[in-house]
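Chemist: Okay, handing you the structure first.
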Amino acid sequence: MASPSRRLQTKPVITCLKSVLLIYTFIFWITGVILLAVGIWGKVSLENYFSLLNEKATNVPFVLIGTGTVIILLGTFGCFATCRTSAWMLKLYAMFLTLIFLVELVAAIVGFVFRHEIKNSFKSNYENALKEYNSTGDYRSEAVDKIQSTLHCCGVTNYGDWKGTNYYSETGFPKSCCKLEGCYPQRDADKVNEEGCFIKVMTTIESEMGVVAGISFGVACFQLIGIFLAYCLSRAITNNQYEIV
């Protein structure tokens, strides 16, 4: 058993570690809320783009929402473990932080590896959406209209892509291709945007996903601090047989 003097010397160290870990855990909890918000924002703001991507890509917002929720719950547990100054709970907290970090690392690697597949998938699906486009508006046709009107573009690579579609042969260009709102372009190429949507969509997705990736990377690195603090506090409590109830 540690001597009284040793325990008196250790008490300030444990108190300091406990205070720092509580501050960290609160910030960590906030990052969970941020990830949850980013996931919801991504689902809403990128919904039109995701509807033309493969199933793997559409899961990205749900992964962020799920991760944010787990972090919120884990942060609550970490706060409780720190307040209780429980060595085994702090070890469990550090273990969970490590698992989440590894999952985020694997997800980042997978996302980087399959980024070209996402681009190819979008281009292929967008081309098919143009071929099957109809004015009554299934979800893919609505997505095409939303993208073209929002990004002021027409077709995949340029407006000429529409000329090979059934819709063009029957009606002409869709209204979403118009340069000016409320026009009826029919087959008049002067009334529609010339630039295609593929490059613009990829630029938008890369920009938006860059924000998501940056936040996710920051959260992942931040977890390393928590792992270190939780481990140090747990070890200090165990080695010195000191427990605060």
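Counting begins at 1 with the first residue displayed.
Backbone N, Cα and C define each Cβ position, glycine as well.
Quantities reported herein were computed from a predicted structural model and do not represent experimental measurements.
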Chemist: Under the annotation given by Swiss-Prot, are LEU92 and LYS11 positioned on the same side of the membrane?
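Modeler: Domain labels match for LYS11 and LEU92 in Swiss-Prot.
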Chemist: Counting Cβ pairs under 8 Å to the transmembrane segment (60-80), which of 20-40, 94-114, 209-229 comes out on top?
Modeler: 20-40
Chemist: Using a 10 Å cut-off, grab the number of neighbouring Cβ atoms around the Cβ of ASN134 (N-linked glycosylation site), all chains included.
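Modeler: By my count, 13.
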Chemist: Near the topological domain 'Cytoplasmic' (81-93), which residues from the same chain, at least 6 beyond its ends, have a CB less than 8 A from one of its CBs?
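Modeler: Residues packing against the topological domain 'Cytoplasmic' (81-93) from afar: 14, 18, 21-22, 25, 74, 226, 230-231, 233-234, 237-238, 243-245.
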